[in-house]
Amino acid sequence: MKVLVLFSVLFLTLFSYSSTEAIDEFDSDAEEDMLSLMANEQVRAKACTPRLHDCSHDRHSCCRGELFKDVCYCFYPEGEDKTEVCSCQQPKSHKYIEKVVDKAKTVVG
């Protein structure tokens, strides 16, 4: 039993050493590739859609609130034809969580 434990510890030690050597070699090559990609990267931020504005053109374009991103809700208004209307809105749960966080910030300081 002691021999089995000794060999398993030895095996794990050798395995972890060999895997770290392979990872170190991979990391150095990956870092050079990543740096060259980052040098060529361009910022492509598009304008976000403010709260309560129409987001039917891009349903993932709603702006962020203090903590959470607003959600694009689509609905069919009553009395009109079957035209879908979408707007960026803050879910009630997110509103309550932001209020609790604001209260906690004022209490804690």
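Note: Cβ is positioned from N, Cα and C throughout, glycine not excepted.
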Cysteine of Cys63, Cys72 paired with Cys48 via disulfide, per Swiss-Prot: Cys63
Subset of disulfide-bonded residues (Cys74, Cys86, Cys88) lying within 10 A of Cys63 (disulfide bond), CA to CA, in sequence order: Cys88
Local confidence of the region 'Knottin domain' (45-88) - pLDDT mean: 89
Inter-residue C-alpha distance, Cys86 (disulfide bond) and Cys55 (disulfide bond) (nearest angstrom): 6
